[in-house]
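Taken straight from Swiss-Prot:
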TOPO_DOM  1-25  topological domain 'Extracellular'
CARBOHYD  Asn7  N-linked glycosylation site
CARBOHYD  Asn13  N-linked glycosylation site
TRANSMEM  26-51  transmembrane segment
TOPO_DOM  52-63  topological domain 'Cytoplasmic'
TRANSMEM  64-89  transmembrane segment
TOPO_DOM  90-99  topological domain 'Extracellular'
TRANSMEM  100-122  transmembrane segment
TOPO_DOM  123-143  topological domain 'Cytoplasmic'
TRANSMEM  144-168  transmembrane segment
TOPO_DOM  169-181  topological domain 'Extracellular'
TRANSMEM  182-205  transmembrane segment
TOPO_DOM  206-272  topological domain 'Cytoplasmic'
TRANSMEM  273-297  transmembrane segment
TOPO_DOM  298-304  topological domain 'Extracellular'
TRANSMEM  305-329  transmembrane segment
TOPO_DOM  330-466  topological domain 'Cytoplasmic'
MOTIF     334-349  motif 'Nuclear localization signal'
LIPID     Cys345  S-palmitoyl cysteine
Amino acid sequence: MVFLSGNASDSSNCTQPPAPVNIPKAILLGVILGVLILFGVPGNILVILSVACHRHLHSVTHYYIVNLAVADLLLTSTVLPFSAIFEILGYWAFGRVFCNIWAAVDVLCCTASIMSLCIISIDRYIGVSYPLRYPTIVTQRRGLRALLCLWALSLVISIGPLFGWRQPAPQDETICQINEDPSYVLFSALGSFYVPLAIILVMYCRVYVVAKRESRGLTSGLKTDKSDSEQVTLRIHRKNAPLGGSGVASSKNKTHFSVRLLKFSREKKAAKTLGIVVGCFVLCWLPFFLVMPIGSFFPDFKPSETVFKIVFWLGYLNSCINPIIYPCSSQEFKKAFQNVLKIQCLRRKQSSKHALGYTLHPPSQAVEGQHKDMVRIPVGSRETFYKISKTDGVCEWKFFSSMPRGSARITVPKDQSACTTARVRSKSFLQVCCCVGPSTPNPGENHQVPTIKIHTISLSENGEEV
């Protein structure tokens with residue numbers, strides 16, 4: 001939000017000559033604010049590129065995170081530089097018209113950033129509460145509508161002062177005031193902060209309650225399963241095994257339970273990461289939105305200029321630290337950031353044009369730093385994919401659930417050794433995959449997605465060896 005010089009409310013109607021610049025103070029402020037801006041601009045660009053360059057991050061949740069990064073990028077690139085110049089010089093040097101436009105863009109970006117966190121909290125609540133139904137509830141079309149409404153509301157809140165909803169501006173154009181009209185301050189504080197904050201807190205309280213309940217239920221379900229449920233095992237059998245009626249029902253129940261546990265674990269992890277983001281948001285913005293209404297409605301209790309500057313820049317700090325939070329709390333983003341910085345995502349995009357699918361590397365047959373007998377599963381157009389996070393990166397596998405009958409063909413050797421096993425050790429769990437298919441496709445083979453069945457998925461967060 002836009003800052004008001006401490007003597008602006010007492011300013012005269014004539015233009016005052018600007019005071020001389022304090023050089024040591026200007027250098028110190030320039031270094032501090034410059035570092036802040038240099039963290040914010042590249043950091044938010046890195047978030048956007050990380051999602052754009054990695055297909056496994058192309059989800060509605062990550063689109064919301066990109067929207068948050070876009071709002072923060074606009075703030076750090078178009079608003080903060082002029083705020084820094086204003087602080088260093090001690091007066092506004094860009095004229096009255098640009099002051100009004102700059103103030104409106106400031107409110108627009110800050111409001112959009114805060115409302116993005118609000119939408120993300122709602123998304124996480126749905127993801128944790130309904131992990132299996134989440135893809136049908138949160139679709140890309142609904143996500144796009146939510147983002148359009150977000151920017152429309154932010155625009156409505158920000159343009160009021162441009163149409164006269166403000167106190168009279170001083171004639172001195174070296175002063176750029178914050179809008180202290182009490183009615184607008186109340187409207188903007190409620191719309192930009194307090195209503196979104198209430199929604200965020202309610203959603204994350206619900207997420208906490210649901211996560212505790214689901215964790216308790218899923219843990220008790222694991223204890224009643226087989227004794228080897230302390231590992232995470234995924235077996236994709238080469239063909240559907242014949243089962244009796246009770247065996248089929250038991251297999252379906254176990255598969256449903258295990259898939260729910262896998263999806264719930266992922267949603268819970270994402271909620272933790274975004275919970276840290278929201279916690280930092282409250283710490284950064286709450287002081288400003290406490291000080292601003294108090295100064296507007298109770299001028300006698302208006303804080304000093306130094307206090308206002310601190311809480312003012314503390315709010316701006318929130319838009320600069322979000323890109324730091326992601327890699328520190330999410331292995332997924334950490335690896336994506338590293339790939340972007342190493343320009344690996346561009347190479348992956350070029351190589352993916354010639355690839356038929358994704359590859360699983362069996363470590364039991366791998367030499368140090370090399371992989372042999374790769375198992376390749378061709379990519380289809382109607383698949384549902386899950387992500388496996390490893391300590392050294394992100395591995396993807398695909399579960400094809402909606403392919404029509406007869407559309408997939410694969411040659412299955414009779415030799416049992418053709419079923420290759422791949423192990424992936426993770427920070428929180430171990431995955432063992434038994435996948436169907438030859439190492440290299442046959443020339444005359446139809447490269448469609450093979451019809452596969454998940455026989456057993458059992459989970460644990462201990463990550464013990466099989």
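Sequential numbering from 1, following the chain as shown.
Note that Cβ sites are derived from N, Cα and C of the backbone, with glycine treated the same way.
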State the residues, same chain only, that lie 6 or more residues beyond the ends of the transmembrane segment (64-89) and have a CB under 8 A from a CB inside it; answer 'none' if no residue qualifies. 2-3, 18, 21, 26, 29-30, 33-34, 36-37, 40-41, 44-45, 47-48, 51-52, 102, 105-106, 109-110, 112-113, 116-117, 119-120, 123, 143, 146-147, 150, 176, 309, 316, 319-320, 322-323, 326
Over the topological domain 'Extracellular' (90-99), what is the model's average pLDDT? 89
Chain residues outside the transmembrane segment (305-329) and at least six past its termini with a C-beta under 8 angstroms from it: 1, 3-6, 33, 36-37, 39-40, 43-44, 46-47, 65, 68-69, 71-72, 75-76, 79-80, 83, 87, 109-110, 113, 272-273, 276-277, 280-281, 284-285, 287-288, 291, 295, 337
DSSP-assigned states of the topological domain 'Extracellular' (169-181) in counts, ordered helix, strand, coil: 0 helix, 0 strand, 13 coil
Can you count helix, strand and coil residues in the topological domain 'Extracellular' (298-304) using DSSP? 3 helix, 0 strand, 4 coil
